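A.B. asks: First, the structure itself, so that you have it in front of you.
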Amino acid sequence: MLFGTVVGSLADKRGRKRACVTYCITYILSCITKHSPQYKVLMLGRVLGGIATSLLFSAFESWLVAEHNKRGFDQQWLSITFAKAIFLGNGLMAILSGLFGNVLVDSLKLGPVAPFDAASCFLAIGMIIILSTWTENYGDPSENKDLLTQFKGAAAAIAADEKITLLGAIQSLFEGSMYTFVFLWTPALSPNDEDIPHGFIFATFMLASMLGSSIASRLLAHPTPRVESYMQTVFMLSSMALLLPVVTNVRIFAHIFSILPKAPRKTNSFKSQQLLVAPSNVKGGSISFSGCIQLIGFCIFEACVGIFWPSIMKMRSQYIPEEARSTIMNFFRIPLNIFVCIALYNVKALPMTVMFGMCSAFLFVASLLQRRLMVIAEIHKSRSQDWLNMEEIDPEGVPLNG
């Protein structure tokens, strides 16, 4: 949130290609720190990792959009590229990387740091490809703008355009819920230390995400439905999916069935009893029935994540101004990081059902904001079309409308 925002914002001024190379170097250094047993060195590695993550989620996309527009490619290709990147990168490569890391640690017995060393090698290869094949592009390369002025300009652009403000809020709400989910799904599926196949479940999540990105590629390949329209359904569906851990732990139905055949006096105890009940105290065993229901919901949520990434990239390419793209994208991550920090700091103080309920509520709000974004986009599109009709001229330069 702190260092990454500053470093990531420099991409607009110093160059997106240079920022991507900086990502590779920074994360290689972060991986190297894993060899140290010193806490301070490991903490430095996390700081470097945070900076690299901000660059990963801003510089690469900014470079791609600018290069795509500079070469005059069809805008539809950009949507297809985003979808393929999520399908191959976030899906297939995540699965293969997990399997490869498992081979290094378990099969080859190279130790727990081996995957980080392998990651460094892949980062070095990627850096060589970037240096040898990419051209440089900038947002606003003017020398008279310092970083503070750049921040003020990005903040002004967000405040002046409601579409950008809504987009930032939607992104923060969804990604905040998504990152919180990353830390919650394991204890949710094994509250009593059930023996669950973590690797298999993670691979299933990645397959669901790949399915979602495949659906997104088909949706983005057609002019209708528009991305602003179908994303409302995606956010609503993801909200219901993360509500399942709350529903499966609610005792309402069992309590109602228990009181129906009994005297009315029993209903007075309803308010005094706890609605949210703790799971069974039986330790161990396999995944429970409620865990299976939650797993289905989590897979649906991961499919929504697969649809979200290429779709939000498409909307960012439409609404965020080119001259401050990386800066604005990193501004979006500030409330996201604050939310995740607060959620994780209080994860033991709040019941898991409350955490999932909060995430579900945030996703529902994201759906409402997406609805507002669609309405504004339609109004803007209609006004632009009216303006073009008014400005239409004949071949001799005389306005057709008089």
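Cβ from N, Cα, C; glycine included.
No curator has checked TrEMBL annotations; they are predicted automatically.
I grabbed these lines from TrEMBL:
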TRANSMEM  43-65  transmembrane segment
TRANSMEM  77-101  transmembrane segment
TRANSMEM  113-135  transmembrane segment
TRANSMEM  166-188  transmembrane segment
TRANSMEM  200-221  transmembrane segment
TRANSMEM  233-260  transmembrane segment
TRANSMEM  287-309  transmembrane segment
TRANSMEM  330-347  transmembrane segment
TRANSMEM  353-369  transmembrane segment
A.B. asks: Considering only the recorded stretches 77-101, 113-135, 200-221, 287-309, 353-369, state which has the highest number of Cβ pairs under 8 Å to the transmembrane segment (166-188).
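C.D. replies: Looking only at 77-101, 113-135, 200-221, 287-309, 353-369, the most contacts with the transmembrane segment (166-188) come from 353-369.
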A.B. asks: Report, as numbers and ranges, which residues of the same chain sit near the transmembrane segment (330-347): CB under 8 Å and 6 or more residues beyond its ends.
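C.D. replies: Tertiary neighbours of the transmembrane segment (330-347) are 1, 4-5, 8-9, 54, 57-58, 154-155, 158, 167-169, 171-172, 175-176, 179-180, 183-184, 355, 358.
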A.B. asks: Any chance the transmembrane segment (77-101) and the transmembrane segment (200-221) are in contact, meaning at least three CB pairs closer than 8 A with a sequence separation of 6+?
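C.D. replies: Answer yes, regions in contact.
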A.B. asks: Do the transmembrane segment (287-309) and the transmembrane segment (353-369) come together with 3 or more C-beta pairs under 8 Å, pairs six or more apart in sequence?
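C.D. replies: Judged by the Cβ rule, the two regions do not touch, with the required three close pairs absent.
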